[in-house]
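Contents: one structure, followed by commentary.
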Amino acid sequence: MIEADRLISAAVINDEESIDRAIRPKLLTEYVGQPHVREQMEIFIQAAKQRGDALDHVLIFGPPGLGKTTLANIIANEMGVNLRTTSGPVLEKAGDLAAMLTNLEPHDVLFIDEIHRLSPVVEEILYPAMEDYQLDIMIGEGPAARSIKLDLPPFTLIGATTRAGSLTSPLRDRFGIVQRLEFYPVADLEHIVSRSAKCLGLELTPEGAHQLARRSRGTPRITNRLLRRVRDFAEVRADGAINGEVAMKALDMLNVDAEGFDFMDRKLLLAVIDKFMGGPVGLDNLAAAIGEERETIEDVLEPYLIQQGFIQRTPRGRIATNHAYKHFGITREE
């Protein structure tokens, strides 16, 4: 089992990027949730426009699927400038980054996704570009090689990462604006899925929106994916409208329960409860019991279960909490 196989994966699956682009908010006034981020960015953007300056460099971090790319697009739209998009793994050589930087117009936004995966050589090029709007490049090879400086137009670098701790200090310190995106509450996800349904021309009742939102693991990308799958169910098994009952039947059929857990989440929790008496159980034993690799458990399955308080990670191993027992209606033996 890999993350991309799961309906409730926060990673991008197949052609979702193009679909999400169609329903993505374009301006801060359309942006739902993250009130602290929205308020701060409104002020920073308005101040930069009043001064006629490029917006300061922005670092956006947080779990996948929370809208880092969406926020980068909104910032460029609000500033009225072009957005150039790339990612850390794509920028393999210093020349790749230099080509992008030299093609920027004044105040343009350069968005680098997965910025924590930049190679050290490419990262070194970024330092003077971010700080002084200058590009240091080498011309020629061997003894005849020489360094020249090119002036760059003022620009805004927006870096996005799910692993802010993996950034080097010199790179992290060059971002004047740092924004952390948090998991969304159900109420915000209800607004998001209602807006998405409207963009897609779907009839979605408040009860249907609530069922989708509460099972979305606090992640808009999952909300929108579930909406598309429930739409399919509603068109085939109902009259096309998505109400609470239709949404519940569709999501139950898709094996997404009221907590947003899928088959693999439940399999892991029940293994700890039934096979290991609630734990503690070592990671290798747990991996063998459910037929998964330990890396899959650590990186894919565990994080959300731990965050929601269903699993505890202790020095002796994994323990199922009272929440886990209650979820399955199992009485915990003392």
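Yeah, the Cβs are placed from backbone N, Cα and C, and that goes for glycine too.
Annotation source Swiss-Prot lists ATP binding site at Ile23, Arg24, Gly65, Lys68, Thr69, Thr70, Glu131, Asp132, Tyr133, Arg174, Tyr184, Arg221, citing sequence analysis. The Mg(2+) binding site feature in Swiss-Prot is assigned to Thr69; the stated evidence is sequence analysis. Swiss-Prot lists Arg294, Arg313, Arg318 with the feature DNA binding site, giving sequence analysis as the kind of evidence. The region 'Large ATPase domain (RuvB-L)' feature in Swiss-Prot is assigned to 4-184; the stated evidence is sequence analysis. What Swiss-Prot records for 185-255 is region 'Small ATPAse domain (RuvB-S)', and it gives sequence analysis as the kind of evidence. Marked as region 'Head domain (RuvB-H)' by Swiss-Prot: 258-334.
Maximum intra-site Cα distance, ATP binding residues Ile23, Arg24, Gly65, Lys68, Thr69, Thr70, Glu131, Asp132, Tyr133, Arg174, Tyr184, Arg221: 37 Å.
Most other Cβ atoms within 10 A: among the binding-site residues Arg294, Arg313, Arg318, that distinction falls to Arg318.
The predicted model assigns the region 'Large ATPase domain (RuvB-L)' (4-184) a mean pLDDT of 90. Under the three-state DSSP scheme, Glu131 (ATP binding site) falls in the helix class. Comparing C-alpha positions, Arg313 (DNA binding site) sits nearest to Gly65 among the binding-site residues Gly65, Glu131, Tyr133.
Counting residues of the region 'Head domain (RuvB-H)' (258-334) by DSSP class, helix then strand then coil, yields 42 helix, 9 strand, 26 coil. In three-state terms derived from DSSP, Ile23 (ATP binding site) belongs to a helical segment. By neighbour count, meaning other C-beta atoms within 10 Å, the densest spot among the binding-site residues Ile23, Thr69, Glu131, Tyr184 is Tyr184. Reported as a whole number, the C-alpha separation between Gly65 (ATP binding site) and Arg294 (DNA binding site) equals 23 Å. Thr69 (ATP binding site) carries a helical DSSP state (H, G or I). A coil conformation is recorded for Tyr184 (ATP binding site) in the three-state DSSP classification, outside any helix or strand.
Excluding Arg294, Arg313, Arg318 themselves, the residues of that chain whose CB lies within 8 A of the CB mean position for the DNA site are, in sequence, Val281, Gly282, Leu283, Leu286, Ile297, Glu298, Glu302, Ile311, Gly317. A C-beta separation below 8 Å, combined with a sequence spacing of at least six in one chain, links Tyr133 (ATP binding site) to Asp151, Leu152, Pro153, Pro154, Phe155.
Within the set Arg294, Arg313, Arg318 that the record links to DNA, no two Cα atoms are more than 14 Å apart, and one pair reaches that distance.
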